[in-house]
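**Q** For reference, the structure I am asking about is given below.
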Amino acid sequence: MVYKADPVDESHANVTRESSNGSPFGPELLEDDRGGPVQKSLTLSPLPSSLFENEPLQGIPKAKIAYFFNPSVASFDLGDDHAMKPARVAIADALIEGYALYRKMGVFASLWHSDWGYCLFHRMLKLAFNGNVTPELATSAWGPYLDQFGLDAGNDEEKSDCPVFNGVYKWCQHFSGVSVEAGRMLTEGNADIAINYAGGIHHARRSSASGFCYINDIVLATLELLRMFPRVLYVDIDVHHGDGVQVLTEHDCYESTYFNGKFFPTTGSKRETGLRQGEGFSVNIPLDDHIRDGPYFETFCEVMDLVMTHCQPSAIVVQTGADSIAGDKLGTFNLSIRGHGRCIEYLKTRNLPMLVLGGGGYTIANVARAWTYECGLLNDAILTD
Ligand SMILES: [Zn+2]
């Protein structure tokens, strides 16, 4: 196993982990003798720049589950007061590794993507960011143009959901490029399930950021899946409605979302069923505050059974936002981690190629525990709380 990180930014450690046991998936020994988690050890070394071009991955062993993670994701910071903490993905990864789930999966590098050719949806955002946008530029030269892109300068006087922060462009390259690569794992038949918990950013529109979301990796990955799979079903269990995905895909794929109808972005009425040839593709289920596991899963199953019958999907994309779990800083649902995970179990039983993405989640302990638990379920491992 080779596990590599950012070659571009000197502030991010270049990390290479080499397998010690020769397994094609290359897991390190992740448990001590008592089965408990062990401390990670990383070997730092420079990486050839060619690894980070937008080249197809070569020589990857066929894996049932392909798991993507880049440690440098933890270095991005939207601001002390901002609810979105990219580091939560690193904490989830530490638990996933600590519970020895690496042994069950192919663990792959997340690559930076310098080629935005696939990213036609977001060409305006590319112009906005220009690869070099900084809070200082946002305040000065870009200031007059930020509003139209749903951005702000990220200073104390003018806070918003989507501040321009140092590294914003690379962060977007990171999680969106990885989601596309994870999707490619499925389209090329190299995995049955691909996981990128850094992705699942579902509010971003074609030309503007929204709700902590600057680029819509879900749409990009879905487009990759549609190259191979004729019917892709998008399922969203975040507490917020996945409006960006609905707008950008309602002609092309089926989607079913379960969310709090009173919350931002206040879209997703049951009347929004798709446009033109996509009429009937969207199934939105607004739910009330404080919903618990029983009614939530009963509704989920009832609707999903119908959606599955109607859609007959050939692949699934699931956004596993953990802000629908009780105790989230922003969410108001009362789901337990197990209750949230039952939706993942349901989808897994369909035995379809599945792309599993992260999403919202603002109580970091909940996020890390939920995604670890669900990663275990995907690997047929039941982890205790
Ligand atoms: Zn959310």
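Every residue gets a Cβ built from N, Cα and C, even glycine.
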**Q** Per TrEMBL, which one of Asp152, Asp161, Asp323 shares the divalent metal cation site with Asp238, His240?
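**A** According to TrEMBL, the candidate sharing the divalent metal cation site with Asp238, His240 is Asp323.
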**Q** Using only what TrEMBL says about substrate binding by Asp161, Tyr362, identify which of Gly200, Gly211, Gly321 is listed for that site too.
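**A** For the substrate site that includes Asp161, Tyr362, TrEMBL also lists Gly211.
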**Q** From the centroid of the CB atoms of Asp161, Gly211, Tyr362, the recorded substrate site, which same-chain residues not already listed sit within 8 A by their CB, in sequence order?
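**A** Other same-chain residues near the substrate site: Ala83, Met84, His203, Phe212, Cys213, His240, Phe264, Leu330, Gly360.
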**Q** Between the binding-site residues Asp161, Gly211, Tyr362, which lies closest to Asp323 (divalent metal cation binding site), Cα to Cα?
**A** Tyr362
**Q** Which residue, of the binding-site residues Asp161, Asp238, Asp323, has its CB surrounded by the fewest other CB atoms within 10 A?
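**A** Taking Asp161, Asp238, Asp323 as the binding-site residues, the minimal 10 Å Cβ count falls on Asp161.
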**Q** Kindly assign Asp323 (divalent metal cation binding site) to one of the three DSSP-derived states: helix, strand or coil.
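**A** The residue in question, Asp323 (divalent metal cation binding site), is helix (DSSP, three-state).
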**Q** Going through the binding-site residues Asp161, Gly211, Asp238, Tyr362 in sequence order, which have a CB under 6 Å from an atom of ligand 1?
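**A** Asp238, in sequence order.
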**Q** Non-local Cβ contacts of Gly211 (substrate binding site) (under 8 Å, 6 or more apart, same chain)?
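**A** Counting only residues 6 or more apart in sequence, the Cβ neighbours of Gly211 (substrate binding site) under 8 Å are Asp161, Cys162, His203, His240, Phe264, Pro265.
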**Q** Can you tell me the three-state DSSP label for Asp161 (substrate binding site)?
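**A** In three-state terms, Asp161 (substrate binding site) counts as coil.
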